[in-house]
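Listed in TrEMBL:
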- TYR51: active site, proton donor (ACT_SITE)
- HIS104: substrate binding site (BINDING)
- 17-189: domain 'NADP-dependent oxidoreductase' (DOMAIN)
- LYS76: site 'Lowers pKa of active site Tyr' (SITE)
Amino acid sequence: MVFGTLPLNDGKQIPAIAFGTGSIYKGTDVSKLVHQALDAGFWHIDTAQFYATEVYVGQVIRESGLARSELYVTTKYGQGNVREVLDKSLSDLGLTYVDLYLIHQPRFVHDIDTVWREFEIIKKEGKAKSIGVSNFDVDQLQQLALTHLVVPAVNQIELHPYNYAQKKSVIDWAAQNGVVIEAYSSLSSITKFPGGPVDAPVAAAAVRLGITPTQVLLSWVRAKGAVIVTTTSSKQRLEEYLAVGVLPALSEADIAAIDEAGAKGPPAARILGYAINLDGMKRLAAKLVLILTVQLITLLWVNNVMGDAMLHGE
């Protein structure tokens, strides 16, 4: 296996790269993609209740013929009764336990403390070997650490050069408290925000090392000590991702240049485009409200006139 593992605070190990089944693949049959990922050399598969892909991941696990010890499976709790949700996930996956179980999104959980207590019991019972969270900020992490026996093993977050400055406090807290960061959407400077300031230092590192910009960005994630969570439908891309496991590390100068460029933010045109789209939606909503208001006033006026006419026998 070209990618090794990272130690968790509960004594377990987590593979340093995972194949994700969310993103654009939510609610779709990902069986071919997961088969392809396993064939390429991935052995950590990331899914979730919200993705609606667990049943397809389970199908591939059964068809793969791989021993349970040869796979690392992460899934995530979204909402509902914790035990019922986990039992459904395990049934769909065809497993008796998951290697890692995460609270997917804190804003969708009414009572995080109660849910985390259930997670602690689930871990003790062995239905999840490790437990963690996703998309948690420092305050939410501190709350769990201060009020519960088990500190999350993992916090899975969106992480790329353009949001690194905003996420640094979470990353620093995690490092100080033995929590591993998992990073998703790490290629955003290529896929969502091309043409920005990060492109230049990434391209320079790629040329110097003889690797691709994608590999530079994934190496940057590794330099931050994070587990890579990525996805693709391309076999060639999978091979490109996995090759990062044997590439030389980025230099400190490379990392600093990418950090500095990322702190400048993504391309203004891209941000403006999002703002225009949002502003356009707001204007459309305002127009609809105005039209409906005028129609309502007209209807009330007509009813009033008709009522007066009937009252006066007109």
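The backbone N, Cα and C atoms fix where each Cβ goes, glycine too.
Here the recorded positions are LYS76, HIS104; the one with the fewest Cβ atoms within 10 Å of its Cβ is HIS104.
Taking the Cβ of the residue listed as 'active site, proton donor' as centre and 10 Å as the limit, one finds 23 other Cβ atoms among all the protein chains shown. Rounded to a whole value, the Cα-Cα separation of LYS76 (site 'Lowers pKa of active site Tyr') and TYR51 (active site, proton donor) is 9 Å. Between the CA atoms of HIS104 (substrate binding site) and TYR51 (active site, proton donor) there is a gap of 11 Å, rounded to the nearest whole number.
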